[in-house]
Each structure stands twice: as C-alpha cells, then as structure tokens.
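Notes follow once the structure below has been shown.
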Amino acid sequence: MKIENNRNAKQGIRPHLKISSSNEMFLLTCAIFLPVTDENEQYEELGAPVKKGPPVDDLSSPESVKSHDRPPLRKIDQYVRAECSFLSKRATVSVLSCMGFIIMFGMRTSMGIVKLQFENDTKVWGEDTASAVESAIFWGYALTQIPGGLIAAAYPANKLFGFAIGTSSLLNFFIPFTYRHPPFIIFLKVLQGLVEGVTYPACHGIMRYWAPPLERSKLATLAFSGCYGGVMFAMLICGILVDYLGPMSPFYFYSVLGILWYLAWIWLVFEKPAYHPCIESKELMYIENSLGKVSDTYTPPTLQNTPWGTFFKSMPCYAIFVANFCRSWNFYLLVLNQPIFFSDTYHESIEKNTILGALPHFLMTVIVPSGGILADRIRKNGILTTTQVRKLFNCGGFGMEATFFIVMVYCNDFESAIIALSIGVAFSGFAISGFNVNHLDIAPRYASILMGMSNGIGTIAGCICPYVVNKILGEDHNKDKWKEVFILSAFIHYAGVVFYAVFASGELQEWADPSVEEEKQWNQMAETGNIKAFSNRNNSVNYGSVDKPLPPRPPLPKQLTEESSLQNTTNVPQNVPPVQPQATVTTNPFLSRITNPFRQEPVQPQAQDTYLYGTVDDRTY
C-alpha cells in the first residue's frame, strides 16, 4: 500500500490511498479499530483521555528520541523503515499476531478438507490411521502447554512466537511427500504440535510489554481472534484450492504463506517497545509510562514460586479446566469433521460445502471481540459483578451452542443446518469472554501458567475426539450416526454449563493475592514466622522476636578478653548476690516485672556490635 501525503493536508486535503492487494485491505480494515499514532493523538481509551504532554518535535524522525535511548538501525531499516505507516507499532504487533494464528489454525483445518478427497482411499488410510493422523498434532501440542509458559518467561516472547509459526509452516511443506506413509506424517504432526504449543503463552508474553492496560482487551482479543478467523479463511480458501489446484495445494499454500509471514514478523516485531528502532517517542512514552511499575516489579513464574498444589485444590480453577475441555471438544469437532459431516449428510460439493461452512466461523470471529467489549461495559457500569458476567457469558454461550447442535442434526436440508450451526457457533463466541479470560480474574499473577494448564486439558479433548467420532461412525457415515456424535457433544456442553455455573468465580483468590506475599515479606511479625522467647545478655526475656538465628558475633580481640577477665576477677566482690534490674521497689505492681499488666517487652533484640562494622548485609539490629 502506498500513501501519498499531500503537502496541503493542513488545509483539509485528505491523503490519497492506493490499495494493491487483499492483504493490504485486511490491514486497513484493522486500522479502523486500532489506534493510529499521529501528531495530535491523545490515546483516549474507554472514555479515559490522557492529558497531552509538551509538544514533541517531528515524532517520525529518529532524532525525536535521544540517541542513547534508541537502538541502532539495522541494515534493512536504513532502506525500508520497520513500520506500517497507517498503524501504530503496538497495533502492528497485534495484527501480525492475529495473522500468525490464522496461519496456524488454517494448517489444522486444511487437513479435514483435504481428507474429503481421500476418504475412499482405504489402501492408504483406514479409520484407525485417520484418527491417529488427526489427533497426532494434539499429542505434541499438549506436551508443551505448561512448559511453554516457563519458556516464554525465560526467552524473548516475540522470537519464540515467530519461531513456532515459522517452523510449523516449514514442517507443513513436507506433509504432501509423506501422505502415503502414515508413520512419517504422524511424526510431522507431533512435531508441529510441539512447536505450536508455545504460541499461546508466547503471545501473552508479547502483550505484557506491548499492550497498555486500557488497550489490553482490544489488542489481545484481536490477536486471539485469529484462531477462529483461521478456520473461516481455511474453509473459504482450501475448497477453492482443492478444486482448481489439486488436493495437496492447501499444504503448499500455507507453507509459503507462513514463511512470508515469518519474514515480516522478524522485520516488524520486537520484544519490547524500547527495542524498536523506528518507534515514535510519543508512543514509546505512552506504553512505558502506562506499564512502568507493572513491568518493573513483574517476577516471572518458576517451578519454585508457583503453587502447583493449590491449583488442584481450587474449585474455580477446576471450573476453568472443565470449561476449556468442553469448549475444545466442540471446537475441534467442527475443525476436523464439519466438511465431512455436511458431505455425508447432505451430499453437497466441496466448494459449496466450504464456502457456506465458513459462515459460522465468520460470525464467531466477529462475536469474540464484540463480546469482550460488551462484558467490559457491563462490569464497568456496575450492572453485574465479575463473577456474574463470567457465568452469564460462558453458560449462555455453551448452552445456546449445545441447543443449536441438536437443532442442526434434525434439519432436513443443507441451508437450514448451516443456519442452525451458524447461530450456535456465534453464541459460543460469547463464552470466550467467560472462561477464556477467567484466569486473569482469579489469579493474574499465575495467569500464563493457568492458561497453559487449561489449554493442555483442552488439548486432551482434541486427542480423544477423533477416536470417539470414528468409533461412533464406524464404516457407515450416515445421518443417524452423525446425530449421535453431535448429541453427545451437546451433552458435554450442558455438563460444562452446570459445573461452571456452580464452581466458577470472578474474584481474586487469596492464594494469588500479591499483597499477602508483600505482607509476609515486609511484616516480620506476621503469622508466617514462629514466635518464641529470646534471652539477651542480661538474662531478661524478650517476647516477640522472630524465630530466625542471628549471625554469629565475632570474637573479641585477645587483649580485650584478658582485660575483661582480669577486671571481672578484681572488681567484682565475692559472695554478692546479683542485682535484679528495675526491682528497687518490689511492692509497686507497675514496676514489677511479673505483676505489671501494662509492661511492654521490646520487640526486637538489642543491637549487636556489628552495627558500625562490615557491609550493610553484615549489620543486624
């Protein structure tokens, strides 16, 4: 796309846009909903305008940020700047993340469409082989869900995300060559699942640095909506490719598209805004000021500081796990079997099957971000609590999708079935504003770990679903068998509705509250320490000291030791009873150590000799 800026723009003349491809049209459409960094931008989000600072000279020039703050330009940046002129840098990150998910889920969906051409080739693929191939990617995907959160915290998230999509696209290129050798294609699918398993936590890591709090819902929702948009685009494109270029063409198409995307990703996306050589100073200051304290105090989760046992004792966590399993079952059922269902039941052509079959997923792609905005508005206006919003959206979305699944299997014509499926899938988009963001409500500190765990459990549904479907269908793929498949899926959704409605919560859990940990660290008199009596050098007892051994006192010099012992032997009279401190008037209860009820013992032990010596770490009080 080329944008010809008119020198008379200040006079009201609008710039002239030349659109040369459909991809540029997609990017321009995204720009309508995303912030654009221009000279007069105020960064107003959700009705909260940010006051404008002092004017900045020529924000588009590299000199607008101090030289020591701006990283050096790469060789390619000297010829072509790393930017999309009509999108802000953070919006560019979100759009490219969305396109990455579109490619990833397009590769998964293409397998179900291509399988239509080979469903009668039993010499190559039997029913068991087809189930193994379809579920292979989920076995690898499940293995890297939980480690993916830890890996994304240890390495740059942008490089990890790009590596995952790029490697999966490269592996997808070899599938046509191994199609008649099922063990090899299963191996490739497992490898694809392994590398794709880190994409969700990596995307969370990217948004942690790039998405300001007031834009986090919008930017993150746009990125993850690519998961559902990928299914829609695959339904549209793969059917046409199979009809005109052959059954293997979708694999080559997505491989080339993924490699081109990877080149654009490493050119335009950086780990943090401060690392971007072409970011405008206004946008950089806006992002860093809005994220400053959060980014500075963030402690990445590790195996040691993560309460693994607490996760499995928390019923709100189980509610998220069950909801993810139920949602994944129905989602992967449609991704893998929707074209085959309509072909077996209504005997429609692949082209019509895929074009109309994309309608449900198009509606869901629209509903997902819209549902997020609606849920935030309801919470912001105080109409419902967070818990009520999560339960309403999740249970309503699940229940409506299950109901229209049952309606669909009793439809007598293809068009009615598509309409019923479209309504049900569209309603399921509201559920994403329920369980899929519930991690941030109950445990924002461990949201990435919980996301990995729930996605791992959801991936188990993707592993089991192909086997169950093929077991029910058997050799006869008739309408009655498909009824059993979708009615089973509907009741799985109903079970998820009941469980989530009973046990879900939108409140911060006590074990995930960072203020509790801060209190434990700074309040040494908290209940976390064992309190016991402490005896000082005067043999008096001080209560309230923390059960923590003090560092050993350094020994006195030899000369002082001899003088002290000599003084004790010469100056202290023999047979003199020790003087009890503060016991001159034993009859006064307010001076008595035993009977005085208002006496306060010192909380801390007396300072030791090392106060004025050694380093700061050596001193005790």
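Just so it is clear, glycine is given a Cβ too, placed from its N, Cα and C backbone atoms.
Database features (TrEMBL):
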- 47-70: region 'Disordered' (REGION)
- 536-581: region 'Disordered' (REGION)
- 91-116: transmembrane segment (TRANSMEM)
- 136-155: transmembrane segment (TRANSMEM)
- 160-179: transmembrane segment (TRANSMEM)
- 185-207: transmembrane segment (TRANSMEM)
- 219-245: transmembrane segment (TRANSMEM)
- 251-270: transmembrane segment (TRANSMEM)
- 317-335: transmembrane segment (TRANSMEM)
- 355-375: transmembrane segment (TRANSMEM)
- 391-410: transmembrane segment (TRANSMEM)
- 416-437: transmembrane segment (TRANSMEM)
- 449-469: transmembrane segment (TRANSMEM)
- 485-503: transmembrane segment (TRANSMEM)
Going along the chain, which residues at least six beyond the ends of the transmembrane segment (317-335) come within the CB cut-off of under 8 Å?
105, 108-109, 112, 138, 231, 311, 360-361, 394, 398, 401, 405, 425, 428, 431, 434-436, 438-439, 442-443, 450, 453-455, 457-462, 464-465, 469, 485-486, 489, 492-493, 495-496, 499-500, 502-505
Given 91-116, 185-207, 219-245, 416-437, the one sharing the most C-beta pairs under 8 Å with the transmembrane segment (251-270) is 91-116
Would you call the transmembrane segment (219-245) and the transmembrane segment (485-503) in contact, using three or more Cβ pairs under 8 Å, pairs 6 or more apart in sequence?
no
Spatial neighbours of the transmembrane segment (485-503) far in sequence, C-beta under 8 Å, 6+ residues away:
315-316, 318-319, 322-323, 325-327, 329-330, 333, 337, 341, 391, 394-395, 398-399, 401-403, 405-406, 408-409, 434-435, 468-469, 472-473
Below 8 Å between Cβ atoms, which of the listed ranges 91-116, 136-155, 160-179, 416-437, 449-469 makes the most pairs with the transmembrane segment (185-207)?
136-155
Chain residues in Cβ proximity to the transmembrane segment (416-437) (below 8 Å; excluding those fewer than six residues from its ends, i.e. six or more beyond)
224, 228, 319-320, 323-324, 327, 330, 334, 338, 342, 345-346, 356-357, 359-361, 363-368, 370-372, 374-375, 389-398, 400-405, 407-409, 454, 500, 504
Residues of the parent chain within Cβ reach of the transmembrane segment (136-155), under 8 Å, 6 or more residues beyond its termini
108, 185-187, 189-202, 204-205, 300-303, 332, 448-449, 451-453, 455-456, 459-460, 462-463
